[in-house]
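The annotation compositional bias 'Basic and acidic residues' is assigned in Swiss-Prot to 28-40. The feature compositional bias 'Pro residues' is assigned by Swiss-Prot to 135-147. Taken from Swiss-Prot, the feature region 'Disordered' covers 20-40, 128-151. Swiss-Prot lists 44-68, 81-106 with the feature zinc finger, giving sequence analysis as the kind of evidence.
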Amino acid sequence: MVKQRKTKYTSLPLSSLFEDASLSTKSPKREPSQEKEIKKEEIIKKNKPCKYEEECKRSDCVFLHPGEKMPEKPKPKETERRKTRMCKYVKKCNKGKNCPFAHDESEIYIPECRYGYKCKKQGKDNEPGECKFSHPPPPPPSPPSPPPKEEIKEEIFEFEITNFPTMNGEEPVALESSPTMDFSYLAEEDFLQKFEEKKSLIEESEKHRKCTINGSIDDMMKIFETMEGQDISQYYFNF
């Protein structure tokens, strides 16, 4: 008979086995005031009478004492009864609304199809299809997007003043080259400063009756209407 050697075990505290030398700080201890607050929060409702009744001296007793009321029982939530089959005792059934089965086809609950309105097996035009589940209506179409705004394109054109009043009694003098005015500056911030520059060009153009405009027709009308003491109706333009 072979004797088996018995292994000897040394008794070690369990804390030494799970101790981590890398932890430099220990978990914070709770103060006694915090422990009392936690114990009070753990007591939700007292639902049993204390056997010591008035002689009980514990302030944190979890049982009811004389003068304390029993907590009210929570009311069960009313669950919606979904009837999926017709009652086979429709004519003889006396349960009425409490019957778990339907007494009319309108009471039968049909679960919704997981594919929703995208189901390809649903019927069309109020005709039954292969799918026996209910299908919601498709969402309404999104409103059409507004048309893009038309950008005002700048045009380069020349106009000639054919009937322009004289300036200070002098006849207009024709120059070799006509000044060029750019009216696309109306949307910029320094409008007043540039307006004075364009105004001087307009006065210069009056001398030779011809001017080249770089901008839109609407901008040209605005610049003439903005000038004080000027009436655009007295100008005649040939484009």
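Backbone N, Cα and C atoms are what each Cβ position is placed from, and that goes for glycine too.
Quantities reported herein were computed from a predicted structural model and do not represent experimental measurements.
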If one takes Cβ-Cβ under 8 Å and requires six or more residues beyond its ends, the residues near the region 'Disordered' (128-151) are 110-114, 116-117, 119, 121-122
Given a Cβ distance threshold of under 8 angstroms, which distant residues of the chain, six or more beyond its ends, lie next to the zinc finger (81-106)? none
Just to confirm my parser: what is the rounded mean pLDDT across the zinc finger (81-106)? 86
